[in-house]
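Trainee: Mind looking over this structure? Questions follow.
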Number of protein chains: 2
Amino acid sequence: MPKSSTVNKTPIACTDHNHEHCIEEALIKAEQLCAKRGARLTALRRNVLRLIWKNHAPLGAYDLMDMLAEEDTRRVAPPTVYRSLEFLLDQGLIHRINSLNAYVGCHSPSDDHEEYFLICRECGVAVEVPAKEISRAIDKNAEAMGFTIETQTLEVVGLCPNCK
Amino acid sequence: MPKSSTVNKTPIACTDHNHEHCIEEALIKAEQLCAKRGARLTALRRNVLRLIWKNHAPLGAYDLMDMLAEEDTRRVAPPTVYRSLEFLLDQGLIHRINSLNAYVGCHSPSDDHEEYFLICRECGVAVEVPAKEISRAIDKNAEAMGFTIETQTLEVVGLCPNCK
DNA sequence: TTGGTTGCTGTTATATTATTACGTTTCAGA
DNA sequence: TCTGAAACGTAATAATATAACAGCAACCAA
Ligand SMILES: [Zn+2]
Ligand SMILES: [Zn+2]
Ligand SMILES: [Zn+2]
Ligand SMILES: [Zn+2]
């Protein structure tokens, strides 16, 4: 079954899984990637990334500030967390969900991938889905209208398997 | 040429056209639609819609407030304009562009249509494009993952024909 | 090591976008 | 004309994000 292995199935974020493993893996990947690029994953940035990965639902910047305050006993000001978010976005380690003003960990930060999000309006989980075909269709369409595309944002809201 | 008439071409918003006509037409359509539905397109709401249609680039809520102030010599507070926006959104007369926190007139408010936006990062123009096929592909994909989709948001940023 | 440069973080203030709460006015329908 | 619901006015505030500048730490070249 060479093709059927790529068939969609229930995303891991919606299953009862070992989530500590998700976090661990994401942090290791991030460290490797930053090392390779000569980018500095500082303690603060690593912390922000870890907190973002704490669950599969996007987190707002001010949520992150609160969580940092709880852990560190020291209040962090908005610019601090926004700068970390900017770094993580630049490195492709997280994505921003515009419709939620929130941030979520990226599942394949090493690829230069096109992706979109299935967001559950009930539990908040955001599942990242590869968007290669869709993305290409959009590109082609836009090209025919004389547009040159630089970035695409596709966000889909509905109900996840658990919340139905 | 029965099919080729549906082929994409340079969108009207990116051409040198009689824009007064765009505005006029949008307002007439809006009036007819609201009349048919028994919805009240009040002076304020009509005004907000007209200002949104003043060009083909999305406008922020506070831009609208400023424009209303200029015209009316009377300051309008945020809730006032946000309520009008909510009404216009509910009636499908405008769309919200999440990535810009801005609002733009809808080209086919009478249909229950799936649409997406090509946004020029240079001149700000936002072109509405029907997204039927793409939308269906996304639905099908999501279904296979156990998601039930309620709303989709696709926003594409790039350069329009004029700004290239 | 030293000194210079760059990048990261801290801090204060402020900008931008949006909502809550409550009182008043308007208006369609009885 | 009366009445209830919808629309609007107003003040306060919430939520999200950025600007501007100062201090510090890491890195590199001399
Ligand atoms: Zn997990
Ligand atoms: Zn859910
Ligand atoms: Zn026009
Ligand atoms: Zn343009």
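The backbone N, Cα and C atoms fix where each Cβ goes, glycine too.
All TrEMBL annotations are machine predictions without curation.
Just so it is clear, the model here is predicted, and its values are computed rather than measured.
Relevant sequence annotations retrieved from TrEMBL are reproduced here:
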type: BINDING; residues: B:Cys120, B:Cys123, B:Cys160, B:Cys163; note: Zn(2+) binding site
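What's the neighbourhood like for each of these?
Mentor: When other Cβ atoms within 10 Å of the Cβ of B:Cys123 (Zn(2+) binding site) are tallied across all protein chains shown, the result is 15. According to its DSSP assignment, B:Cys123 (Zn(2+) binding site) is coil.
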Trainee: Using all protein chains in view, find how many other C-beta atoms are within 10 Å of the C-beta of B:Cys163 (Zn(2+) binding site).
Mentor: 15
Trainee: Applying an 8 Å Cβ threshold (strictly under) against chain A, tell me which of the binding-site residues B:Cys123, B:Cys160, B:Cys163 fall inside, in sequence order.
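Mentor: Listed binding-site residues meeting the cut-off: B:Cys160.
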Trainee: Using the Cβ centroid of B:Cys120, B:Cys123, B:Cys160, B:Cys163 as the reference point for the Zn(2+) site, which residues of the same chain not in that list have Cβ within 8 Å?
Mentor: B:Cys14, B:Arg121, B:Glu122, B:Gly124, B:Val125, B:Leu159, B:Pro161, B:Asn162, B:Lys164
Trainee: If you count, for each of the binding-site residues B:Cys120, B:Cys160, the other Cβ atoms lying within 10 Å of its Cβ, which residue has the minimum?
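Mentor: With the binding-site residues B:Cys120, B:Cys160, fewest surrounding Cβ atoms within 10 Å: B:Cys120.
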